[in-house]
Amino acid sequence: MRECISIHVGQAGVQMGNACWELYCLEHGIQPDGQMPSDKTIGGGDDSFNTFFSETGAGKHVPRAVFVDLEPTVVDEVRTGTYRQLFHPEQLITGKEDAANNYARGHYTVGKELIDIVLDRIRKLADQCTGLQGFLIFHSFGGGTGSGFSSLLMERLSVDYGKKSKLEFAVYPAPQISTAVVEPYNSILTTHTTLEHSDCAFMVDNEAIYDICRRNLDIERPTYTNLNRLIGQIVSSITASLRFDGALNVDLTEFQTNLVPYPRIHFPLATYAPVISAEKAYHEQLTVSEITNACFEPANQMVKCDPRHGKYMACCLLYRGDVVPKDVNAAIATIKTKRTIQFVDWCPTGFKVGINYQPPTVVPGGDLAKVQRAVCMLSNTTAIAEAWARLDHKFDLMYAKRAFVHWYVGEGMEEGEFSEAREDLAALEKDYEEVGVDSADAEGEEEEGDEY
């Protein structure tokens, strides 16, 4: 088996976790108490969904997941919510004091009291796996627990499980909507710390998702539940190939192989289509080519940046539902001919395609319409550097005045860590810039006169 362990850190991570597990349960027909009427092999068996759920002898399906937060209120909602019976009480780990939006508290002072309990729990989950494939880590960049504790955890996971892949689903601080003043600090510190430990990081930006909810689903004032359910659909599309049998299945390491050209350039952009309300879906015929085209609209992206300004290094299309390869090839051919998609010149236009016959599931009473087919596009484009540039600029404005820095230093950090992290991110921006430069331009400077 190729099991995956999901780790949900901090408020954002836990709430994304709620949405994801709610959706997985619906997709697999697992009831909130963990029973699965359709499952004939009690206590194990080699079903595809066993990558995400372990089975007890009593036929109960338990998520291979850990929820961690440094303060109890958010996880308490899981403990008392609809799915309280799904999780083992020890999978829900909480501390007593908050990280208070402070990376240093999450990473040094408060975080270090919880880290061993968490690793111990993860070790127990890992021991139940026959062939652990890797970890999915859900967190935000802006919060104290999400930034500080996640980076501490990733460092420790690299030590304990060196070769296992680690994928992140991270909430990137939105350009306009801010939940904390110090988000740029936390984001840059956590990115610097986790850069070498993460194999692939899917970023989601709240503002981009707010806009999608407003525009496509006609929700005037989207709540976190609306946002998380949409994120859940994306996570579900990415992990569907691990949980179902399909014609063209992709596994975790396969994503990395196809999306990450250089170890540091591992931030793919996710786009999902169709995001449409039930009222509209009833009147529209969403063909494969339509949903494929929608993926190249910046409006459907999960992070605000414009791929038309950047170049693509890799592109991965994950279809689910009623889709045949012939339609996909036709759709891609059309896009290649008429779209202004620019690939870097050292990477021939390759689209990796995955098809999963399980149609997309929606949460009953949710906002999304039930559709026959959907697609999630993961593309590695140099445009995402815009997101880093925005963040770096905000960091610089505050750090020039050393605003708020004393809170971090007071928790045992050194000021040098700030400048070190900032330099690392400057290097990351530079890396993205260099990757996008045509190799012909780069070589042309050295060798003149070699014209054939």
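Each Cβ is built from the backbone N, Cα and C atoms, and glycine gets one as well.
Swiss-Prot names GLN11, GLU71, SER140, GLY144, THR145, THR179, ASN228 as GTP ligands; from the candidate set ASN50, ASN206, ASN258, the record adds ASN206 to that same site. Within 10 Å of the C-beta atom of GLU254 (active site) sit 14 other C-beta atoms, taking all shown protein chains into account. Between the C-alpha atoms of GLU254 (active site) and GLU71 (GTP binding site), the distance comes to 36 Å. Look at LYS40 (N6-acetyllysine): DSSP puts it in coil. Under DSSP, GLU71 (GTP binding site) is assigned to coil, being neither helix nor strand in the three-state scheme.
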